[in-house]
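Only one structure is covered here, and it is reproduced in the block below.
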(Lines of atoms letter the chains of each structure in order from A and count residues from 1; the text may use other names and numbers.)
(Lines give C-alpha, C1' and ligand atoms only; values in the text may rest on other atoms or scores of the structure.)
Protein backbone atom coordinates (compact mmCIF):
# COMPACT_ATOMS: atom_id res chain seq x y z
CA UNK A 1 0.00 0.00 0.00
CA UNK A 2 1.42 3.37 -1.03
CA UNK A 3 2.21 5.83 1.68
CA UNK A 4 0.11 8.99 1.55
CA UNK A 5 1.97 12.12 0.48
CA UNK A 6 3.02 14.11 3.44
CA UNK A 7 2.33 17.87 3.30
CA UNK A 8 5.39 19.94 2.66
CA UNK A 9 6.26 22.21 5.56
CA UNK A 10 5.81 25.91 4.91
CA UNK A 11 9.06 27.70 5.49
CA UNK A 12 8.69 31.26 6.70
CA UNK A 13 11.72 33.50 6.59
CA UNK A 14 13.07 34.46 9.94
CA UNK A 15 12.40 38.08 10.82
CA UNK A 16 15.33 40.32 10.25
CA UNK A 17 16.82 41.73 13.36
CA UNK A 18 17.59 45.40 13.19
CA UNK A 19 20.93 45.73 14.85
CA UNK A 20 22.32 48.67 12.94
CA UNK A 21 19.76 51.31 13.83
CA UNK A 22 19.80 50.77 17.64
CA UNK A 23 23.57 50.73 17.59
CA UNK A 24 23.76 54.00 15.66
CA UNK A 25 21.19 55.57 17.99
CA UNK A 26 23.12 54.48 21.06
CA UNK A 27 26.35 55.87 19.64
CA UNK A 28 24.69 59.18 18.86
CA UNK A 29 23.12 59.39 22.33
CA UNK A 30 26.42 58.56 23.95
CA UNK A 31 28.20 61.24 21.96
CA UNK A 32 25.53 63.85 22.75
CA UNK A 33 25.56 63.11 26.47
CA UNK A 34 29.37 63.17 26.48
CA UNK A 35 29.30 66.64 24.92
CA UNK A 36 26.70 67.78 27.45
CA UNK A 37 28.82 66.46 30.33
CA UNK A 38 31.91 68.17 28.93
CA UNK A 39 30.08 71.51 28.57
CA UNK A 40 28.72 71.26 32.10
CA UNK A 41 32.19 70.45 33.39
CA UNK A 42 33.60 73.54 31.68
CA UNK A 43 30.84 75.74 33.11
CA UNK A 44 31.38 74.39 36.62
CA UNK A 45 35.14 74.87 36.31
CA UNK A 46 34.67 78.45 35.10
CA UNK A 47 32.20 79.25 37.89
CA UNK A 48 34.40 77.83 40.63
CA UNK A 49 37.54 79.51 39.25
CA UNK A 50 35.84 82.90 39.28
CA UNK A 51 35.70 82.73 43.09
CA UNK A 52 39.31 81.57 43.61
CA UNK A 53 42.70 83.15 43.85
CA UNK A 54 45.30 82.46 41.16
CA UNK A 55 47.09 80.00 43.45
CA UNK A 56 43.92 78.01 44.11
CA UNK A 57 43.06 77.83 40.39
CA UNK A 58 46.27 75.98 39.59
CA UNK A 59 46.52 74.02 42.85
CA UNK A 60 42.95 72.63 42.86
CA UNK A 61 41.24 73.33 39.53
CA UNK A 62 38.00 71.49 40.40
CA UNK A 63 38.03 71.94 44.15
CA UNK A 64 35.87 74.34 46.11
CA UNK A 65 37.43 77.71 46.95
CA UNK A 66 39.02 78.01 50.36
CA UNK A 67 37.47 81.47 50.66
CA UNK A 68 34.95 82.72 48.13
CA UNK A 69 36.56 85.71 46.41
CA UNK A 70 33.51 87.82 45.59
CA UNK A 71 35.80 90.76 44.89
CA UNK A 72 36.85 89.03 41.65
CA UNK A 73 33.47 89.84 40.15
CA UNK A 74 33.48 93.38 41.50
CA UNK A 75 37.00 94.00 40.17
CA UNK A 76 36.12 92.62 36.76
CA UNK A 77 33.01 94.79 36.61
CA UNK A 78 34.90 97.97 37.50
CA UNK A 79 38.20 97.45 35.67
CA UNK A 80 36.61 96.01 32.54
CA UNK A 81 33.96 98.77 32.38
CA UNK A 82 31.29 96.15 31.80
CA UNK A 83 28.35 98.30 32.93
CA UNK A 84 28.27 100.68 29.93
CA UNK A 85 29.34 97.84 27.62
CA UNK A 86 26.31 95.75 28.63
CA UNK A 87 23.97 98.69 28.00
CA UNK A 88 25.46 99.26 24.55
CA UNK A 89 25.23 95.54 23.79
CA UNK A 90 21.57 95.47 24.84
CA UNK A 91 20.88 98.40 22.51
CA UNK A 92 22.68 96.78 19.58
CA UNK A 93 21.07 93.37 20.13
CA UNK A 94 17.54 94.78 20.52
CA UNK A 95 17.81 97.05 17.47
CA UNK A 96 19.28 94.23 15.39
CA UNK A 97 16.50 91.82 16.34
CA UNK A 98 13.76 94.37 15.61
CA UNK A 99 15.30 95.42 12.30
CA UNK A 100 15.85 91.84 11.18
CA UNK A 101 12.26 90.81 11.90
CA UNK A 102 10.88 93.99 10.29
CA UNK A 103 12.67 93.17 7.02
CA UNK A 104 12.55 89.37 7.03
CA UNK A 105 8.91 88.81 8.06
CA UNK A 106 7.26 90.57 5.06
CA UNK A 107 9.83 89.11 2.66
CA UNK A 108 9.33 85.59 4.02
CA UNK A 109 5.54 85.93 3.84
CA UNK A 110 5.73 87.06 0.22
CA UNK A 111 8.06 84.21 -0.72
CA UNK A 112 5.81 81.68 0.97
CA UNK A 113 2.80 82.85 -1.06
CA UNK A 114 4.43 83.42 -4.47
CA UNK A 115 4.17 80.84 -7.21
CA UNK A 116 6.89 78.23 -7.51
CA UNK A 117 8.61 79.92 -10.45
CA UNK A 118 8.53 83.38 -8.89
CA UNK A 119 9.75 82.22 -5.49
CA UNK A 120 12.52 79.91 -6.70
CA UNK A 121 14.62 82.68 -8.20
CA UNK A 122 14.26 84.93 -5.16
CA UNK A 123 14.93 82.02 -2.83
CA UNK A 124 18.11 81.18 -4.73
CA UNK A 125 19.16 84.80 -4.50
CA UNK A 126 18.66 84.79 -0.74
CA UNK A 127 20.61 81.52 -0.53
CA UNK A 128 23.65 83.35 -1.87
CA UNK A 129 23.73 85.37 1.32
CA UNK A 130 24.00 82.19 3.38
CA UNK A 131 26.78 80.80 1.22
CA UNK A 132 29.09 83.82 1.40
CA UNK A 133 31.40 83.74 4.44
CA UNK A 134 31.46 86.92 6.47
CA UNK A 135 35.27 87.09 6.17
CA UNK A 136 34.92 87.58 2.40
CA UNK A 137 32.84 90.75 2.72
CA UNK A 138 34.43 92.39 5.76
CA UNK A 139 36.79 94.60 3.74
CA UNK A 140 34.13 95.87 1.27
CA UNK A 141 31.77 96.45 4.19
CA UNK A 142 34.41 98.43 6.09
CA UNK A 143 35.19 100.59 3.04
CA UNK A 144 31.50 101.26 2.38
CA UNK A 145 30.77 102.09 6.00
CA UNK A 146 33.82 104.37 6.16
CA UNK A 147 32.65 106.33 3.13
CA UNK A 148 29.27 107.06 4.70
CA UNK A 149 30.75 107.78 8.15
CA UNK A 150 29.30 104.85 10.08
CA UNK A 151 32.55 103.36 11.42
CA UNK A 152 32.93 103.70 15.21
CA UNK A 153 29.16 103.97 15.40
CA UNK A 154 26.66 101.66 17.04
CA UNK A 155 24.25 102.45 14.23
CA UNK A 156 26.74 101.22 11.66
CA UNK A 157 27.30 97.98 13.57
CA UNK A 158 23.52 97.48 13.82
CA UNK A 159 23.18 97.88 10.04
CA UNK A 160 25.93 95.32 9.46
CA UNK A 161 24.33 92.87 11.88
CA UNK A 162 20.93 93.26 10.21
CA UNK A 163 22.40 92.78 6.73
CA UNK A 164 24.16 89.58 7.75
CA UNK A 165 21.13 88.23 9.64
CA UNK A 166 18.39 88.77 7.04
CA UNK A 167 19.20 85.78 4.73
CA UNK A 168 18.86 83.18 7.49
CA UNK A 169 15.83 84.98 8.94
CA UNK A 170 14.04 84.94 5.57
CA UNK A 171 14.70 81.23 5.10
CA UNK A 172 13.57 80.41 8.62
CA UNK A 173 10.34 82.43 8.48
CA UNK A 174 9.53 81.30 4.92
CA UNK A 175 9.34 77.71 6.11
CA UNK A 176 7.24 78.83 9.07
CA UNK A 177 4.73 80.80 6.95
CA UNK A 178 4.41 77.85 4.55
CA UNK A 179 3.34 75.68 7.48
CA UNK A 180 0.36 77.98 8.12
CA UNK A 181 -2.96 77.24 6.45
CA UNK A 182 -4.02 79.48 3.54
CA UNK A 183 -7.72 79.09 4.39
CA UNK A 184 -7.54 81.98 6.85
CA UNK A 185 -6.21 84.25 4.11
CA UNK A 186 -9.02 83.22 1.79
CA UNK A 187 -11.59 83.97 4.50
CA UNK A 188 -9.99 87.36 5.16
CA UNK A 189 -10.03 88.16 1.43
CA UNK A 190 -13.76 87.33 1.28
CA UNK A 191 -14.28 89.80 4.13
CA UNK A 192 -12.55 92.50 2.10
CA UNK A 193 -9.19 92.55 3.90
CA UNK A 194 -6.21 93.77 1.91
CA UNK A 195 -3.08 91.57 1.65
CA UNK A 196 -1.20 93.88 4.03
CA UNK A 197 -4.01 93.80 6.59
CA UNK A 198 -4.19 90.00 6.29
CA UNK A 199 -0.47 89.74 6.92
CA UNK A 200 -0.41 92.21 9.80
CA UNK A 201 -3.53 91.17 11.70
CA UNK A 202 -3.84 87.46 10.93
CA UNK A 203 -0.69 85.77 9.65
CA UNK A 204 1.88 87.65 11.71
CA UNK A 205 0.23 86.81 15.06
CA UNK A 206 0.00 83.16 13.98
CA UNK A 207 3.75 83.19 13.28
CA UNK A 208 4.52 84.52 16.74
CA UNK A 209 6.29 81.33 17.85
CA UNK A 210 8.60 81.44 14.87
CA UNK A 211 9.32 85.13 15.31
CA UNK A 212 10.08 84.68 19.01
CA UNK A 213 12.42 81.81 18.18
CA UNK A 214 14.16 83.93 15.53
CA UNK A 215 14.58 86.82 17.99
CA UNK A 216 16.09 84.50 20.61
CA UNK A 217 18.53 83.01 18.11
CA UNK A 218 19.42 86.50 16.92
CA UNK A 219 20.09 87.72 20.45
CA UNK A 220 22.22 84.68 21.29
CA UNK A 221 24.21 85.06 18.08
CA UNK A 222 25.02 88.75 18.53
CA UNK A 223 25.38 89.01 22.29
CA UNK A 224 29.00 87.86 22.33
CA UNK A 225 29.92 88.54 18.68
CA UNK A 226 33.40 90.03 18.52
CA UNK A 227 34.86 89.88 15.02
CA UNK A 228 32.63 92.46 13.34
CA UNK A 229 32.49 94.57 16.51
CA UNK A 230 36.29 94.70 16.61
CA UNK A 231 36.42 95.93 13.01
CA UNK A 232 33.63 98.53 13.10
CA UNK A 233 34.02 99.76 16.71
CA UNK A 234 37.60 100.92 17.16
CA UNK A 235 36.68 103.63 19.67
CA UNK A 236 36.99 102.36 23.28
CA UNK A 237 34.00 104.50 24.21
CA UNK A 238 31.78 102.51 21.84
CA UNK A 239 32.86 99.00 22.76
CA UNK A 240 30.35 96.24 23.26
CA UNK A 241 30.51 93.38 25.75
CA UNK A 242 32.88 91.17 23.77
CA UNK A 243 35.30 94.07 23.24
CA UNK A 244 35.14 94.91 26.94
CA UNK A 245 36.17 91.31 27.67
CA UNK A 246 39.10 91.55 25.23
CA UNK A 247 40.15 94.84 26.81
CA UNK A 248 40.06 93.31 30.27
CA UNK A 249 42.17 90.37 29.06
CA UNK A 250 44.80 92.74 27.66
CA UNK A 251 44.90 94.68 30.94
CA UNK A 252 45.37 91.44 32.86
CA UNK A 253 48.29 90.46 30.64
CA UNK A 254 50.13 93.72 31.27
CA UNK A 255 49.22 94.29 34.92
CA UNK A 256 49.52 90.74 36.25
CA UNK A 257 47.86 87.36 36.10
CA UNK A 258 44.44 88.10 37.61
CA UNK A 259 43.03 84.71 36.70
CA UNK A 260 40.13 84.92 39.13
CA UNK A 261 39.04 88.27 37.72
CA UNK A 262 39.41 86.92 34.18
CA UNK A 263 37.10 83.99 34.88
CA UNK A 264 34.64 86.39 36.50
CA UNK A 265 34.74 88.58 33.39
CA UNK A 266 34.00 85.56 31.22
CA UNK A 267 31.13 84.74 33.55
CA UNK A 268 29.68 88.23 33.02
CA UNK A 269 29.49 87.50 29.30
CA UNK A 270 28.27 83.89 29.51
CA UNK A 271 25.81 84.12 32.42
CA UNK A 272 23.10 86.20 30.63
CA UNK A 273 23.13 83.82 27.66
CA UNK A 274 22.91 80.83 29.97
CA UNK A 275 19.93 82.31 31.81
CA UNK A 276 18.17 83.14 28.53
CA UNK A 277 18.63 79.61 27.24
CA UNK A 278 17.45 78.04 30.50
CA UNK A 279 14.38 80.31 30.49
CA UNK A 280 13.49 80.10 26.79
CA UNK A 281 15.17 76.89 25.61
CA UNK A 282 11.85 75.09 25.24
CA UNK A 283 10.50 77.98 23.15
CA UNK A 284 13.47 77.67 20.79
CA UNK A 285 12.87 73.95 20.26
CA UNK A 286 9.13 74.54 19.81
CA UNK A 287 9.66 77.22 17.20
CA UNK A 288 12.20 75.16 15.28
CA UNK A 289 9.82 72.16 15.28
CA UNK A 290 6.80 74.15 14.11
CA UNK A 291 8.87 75.82 11.42
CA UNK A 292 9.79 72.46 9.92
CA UNK A 293 6.19 71.42 9.42
CA UNK A 294 6.37 71.81 5.62
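The backbone N, Cα and C atoms fix where each Cβ goes, and this holds for glycine too.
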Which range of 237-258, 259-280 is transmembrane segment, per TrEMBL: 259-280
Per TrEMBL record, range annotated transmembrane segment [choices 26-48, 49-71]: 26-48
